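*Asks:* When I checked Swiss-Prot for this same protein, it listed these features:
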- Asn10, Arg21, Asp205, Gly227, His228: 3-amino-2-oxopropyl phosphate binding site (BINDING)
- His46: active site, proton acceptor (ACT_SITE)
- Arg48, His53, Thr113: 1-deoxy-D-xylulose 5-phosphate binding site (BINDING)
- Glu76: active site, proton acceptor (ACT_SITE)
- Glu164: site 'Transition state stabilizer' (SITE)
- His204: active site, proton donor (ACT_SITE)
Amino acid sequence: MSQRTRLSVNVNKIAVLRNSRGHGAPDVIRAASACIDAGAHGITVHPRPDARHIRHDDVIRLSALTRARGVEFNIEGNPFAEPRAGYCGLLALCRETRPHQVTLVPDGDQQITSDHGFDFAREGPGLRPLIDEIKQWGCRVSLFVDVNVTGLADAAIWGVDRIELYTGPYAEMHHAGCSDAVLREFATTARLAQDVGLGVNAGHDLSQTNLGVFLGAVPDVLEVSIGHALISEALYEGLIPTVRRYLDILDSVNPAVSMR
């Protein structure tokens, strides 16, 4: 079975706008539903301990929406962040909702956004039991990684299904007009992951401007998760037209790729 690279829309920024006024508008569920109407293959959220955007009830409602609409639900987050008032912890959320995919990300509480991947040598011992637990719930496990990450074979042994390439460095180089070298590094990392049986996702600062070039250079990317750029572009172009433009890019730049 094969599929083209899939688009999962991160709706965190919708929640940021809603929370800025403390009311229910804009409606995160309505926005996610519009993305699905436009053809998005999935919805991504990254709940944080400070509830700065996505909240517990959003996760519950989005889980129900994605299952009803037959698209994937991807929950991202730091599995080591301690539960606290208003935040039950990433694993508790995933245990409750059983998303299709859980993407583990090593972000700190004070980070504005994710900016690095896991160090497998240092953090692997702590990750392994969490991976086992998540997979017992029937969820696919993806780890957020930097380009040129080492230890991919170890991750495969732990039961990891996919990696998500942190594409921030590529986006910076593309903006500067000098992305060829870093693209080669991303392509090499993707191939190394695929050689040990890992699927490859990608995300962070991907946009209509740079997505096509990335997918044209990096082989067999199964999924891209895009939020900030897509929501920013949607302010000018509309949400449904923007999602469709991303889908057009996916259709134009890569053929069907093997599912993992």
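Glycine is treated like the rest: Cβ placed from N, Cα and C.
Since this is a predicted model, take the numbers as computed values, not measurements.
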*Asks:* In whole Å, note down how far the CA of Glu76 (active site, proton acceptor) lies from the CA of Gly227 (3-amino-2-oxopropyl phosphate binding site).
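*Replies:* Answer for this pair: 13 Å between alpha carbons.
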*Asks:* For Glu76 (active site, proton acceptor), which of these binding-site residues sit within 10 Å, Cα to Cα: Arg48, Asp205, His228?
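*Replies:* So the list is Arg48.
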*Asks:* Among Asn10, Arg21, Asp205, Gly227, His228, listed as contacts of 3-amino-2-oxopropyl phosphate, what is the widest Cα spread in Å, to the nearest whole number?
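*Replies:* The widest Cα-Cα gap among those binding residues is 26 Å.
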*Asks:* Compute the C-alpha separation of Arg48 (1-deoxy-D-xylulose 5-phosphate binding site) from Asp205 (3-amino-2-oxopropyl phosphate binding site), stating it in Å without decimals.
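*Replies:* Given the Cα positions, Arg48 (1-deoxy-D-xylulose 5-phosphate binding site) is 19 Å from Asp205 (3-amino-2-oxopropyl phosphate binding site).
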*Asks:* Here are some active-site residues: His46, His204. Which one has the most Cβ atoms within 10 Å of its Cβ?
*Replies:* His204
*Asks:* Relative to the Cβ position of His228 (3-amino-2-oxopropyl phosphate binding site), how many further Cβ atoms are located within 10 Å?
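*Replies:* Other Cβ atoms found within 10 Å: 16.
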*Asks:* Go through Arg21, Arg48, His53, our binding-site residues, and report the one whose Cβ sees the most other Cβ atoms within 10 Å.
*Replies:* His53
*Asks:* Report, in whole Å, the straight Cα-to-Cα distance of the residue listed as 'active site, proton donor' from Glu164 (site 'Transition state stabilizer').
*Replies:* 10
*Asks:* Rank aside, I only need the closest one: which of the recorded positions His46, His53, His204 has its C-alpha nearest to that of Arg21 (3-amino-2-oxopropyl phosphate binding site)?
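*Replies:* The smallest Cα gap between Arg21 (3-amino-2-oxopropyl phosphate binding site) and any of the recorded positions is with His53.
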*Asks:* Distance check, please: Cα of His46 (active site, proton acceptor) against Cα of Asn10 (3-amino-2-oxopropyl phosphate binding site), rounded to an integer number of angstrom.
*Replies:* 8
